[in-house]
């Protein structure tokens, strides 16, 4: 277990286009590093068949989401693929102040908002090995119609341009290799002298 008395909490943000494997990597990294905390986002889209309320997202209506925007509870929020997504700030700040490390899985719009507020965060971009691999993954997922799929692919091209704004790039051509890289980044950042309290 990590001794948080001597080290500040670290914020890790993973992003990348839809279908790149962010969710799978997030789930698996918690098996390896169980002391890492996950901040669950709020989302207005309907849950997918394998998603669990409060674990993958908090699912709310658009009206409920807009009310939360007015209440200023989000560290970031954006409209992604036509749906509202946001990250509540309270959990994030509390955990970091306790010296605990927090992982966020965000779209690039949200990650850039968080970067403005938490410039010391560690931003990790997850990329596909090729464009064809990404398209194949999205088609195999079979969670939406052709029109929605085309929108995701169009958005992915824009999202890929943001990778230069991140600290690290992990190409997910093999889940085990990508997971090892993600784990190495987190452990390496935890070991930096600069992250210890003076």
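From the backbone N, Cα and C atoms, a Cβ is placed for every residue, glycine too.
Going by TrEMBL, these are the annotated features:
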| type | residues | note |
| --- | --- | --- |
| BINDING | 16, 17, 18, 19, 20, 21, 22, 23 | ATP binding site |
| DOMAIN | 9-187 | domain 'Guanylate kinase-like' |
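A map of TrEMBL features onto the structure.
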| residue | record | Cβ within 10 Å |
| --- | --- | --- |
| 16 | ATP binding site | 30 |
| 17 | ATP binding site | 26 |
| 18 | ATP binding site | 22 |
| 19 | ATP binding site | 23 |
| 20 | ATP binding site | 27 |
| 21 | ATP binding site | 20 |
| 22 | ATP binding site | 21 |
| 23 | ATP binding site | 16 |
Chain-mates of 16, 17, 18, 19, 20, 21, 22, 23 with C-beta within 8 Å of site centroid, ATP: 126, 128, 134, 137, 172
